[in-house]
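This report refers to the structure that appears directly beneath it.
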Amino acid sequence: MSSTGWKKVLWETQPFPDNYIHPHSFLSSLRRNPNFKPYTYWPLVLLSCPITQHLATIFTFLAVFVRLKERWLDARVLLWVSIISFFGGYALCEILSYSNTVNGVPSRQTSCIAIPELFTDWLHQSGSKTIKSSLLVFLALMGLSPVLRTLTAATSSDSIWALSACLFLLNALLADYSTLKPAPHSQERLTSVLSMNAAISSSVVLASRLPDDLAVFSLVLFAVQLFALFPIMRHRLQVAPQVVQILFTLTLCVVSFVLTVPLSISVASIYAGILIAVTFVAPGVLVWAQKYKKQVTSPSFFLAYLLTRLSAVR
């Protein structure tokens, strides 16, 4: 049967079957991966930095806990480190936030100019509120420390280690690693809240194994900074230059590795392997696997399928 005069319409009577397709137009509008944007390796490595930073904070916390438990670290030293880190991190967050909103000028052009004005505004506006809130948290944790120390007295240590590992795994899986700049006054995602709760719960059950109240108080305060406040600063740093991101990630990895090596070389090697795999191996696997991506879309394909079904019904 000649295909001369065939038209791709159903409302016109033609001497062809309903499921007829011209040989030259069959699957002519088929498109493979129409909206596909291929990944490149180094941008993926930069995008994996938040994951590496979060894992490094978990490893750092575990190393600090072991040192407190074995009395290799004075709880007063950790307390002062936490207090100094809090004020330093808060000042950095305010600098980043203020320098990105002044007159809509990018942070690279205003950061040096806005620093004096920033601290003036900070002292008169948000500084007093932050200090009051910090004192309330500080006093609440201090009052709860004796209770937290005896919280799991009737529970075996093996159950505590297993529960803590599961909670930290849940924290790592549900954490918010997005690199998008958060909108002002935006609400936290549910997964971020669950991730923070899992980390704080794990820190509390681990702190209950420490020998004295001051060590419990110092560790829980350190955990609040790492798992509740540090993610806020990490999101603020997303607008910083890539060099800052790389140096910040490298610093956290080195700190976690240095704190772990004296405790166990094998555990430190596992930590290093995990960080290297997440940062460098996983992006390479994703780049390699994208060649197998096959997404086929075409209006003609669905039309031909419908015509075939209609002819089968007849």
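Each Cβ is built from the backbone N, Cα and C atoms, and glycine gets one as well.
Quick look at what TrEMBL lists:
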TRANSMEM  41-65  transmembrane segment
TRANSMEM  77-98  transmembrane segment
TRANSMEM  135-154  transmembrane segment
TRANSMEM  160-178  transmembrane segment
TRANSMEM  214-232  transmembrane segment
TRANSMEM  244-264  transmembrane segment
TRANSMEM  270-289  transmembrane segment
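At the 8 Å Cβ cutoff, the transmembrane segment (214-232) and the transmembrane segment (41-65) share at least 3 close pairs (sequence separation 6 or more) and count as touching. Touching of the transmembrane segment (244-264) and the transmembrane segment (135-154) is ruled out by the presence of fewer than three CB pairs under 8 A, sequence neighbours closer than 6 excluded. Counted over residue pairs separated by six or more positions, the transmembrane segment (160-178) shares fewer than 3 Cβ pairs under 8 angstroms with the transmembrane segment (77-98), which leaves the two as not touching. Among residues of the same chain six or more beyond the transmembrane segment (270-289), those with a C-beta under 8 A of the stretch's C-beta atoms are 39-41, 44-45, 47-49, 51-52, 55-56, 59, 249, 253, 256-257, 260.
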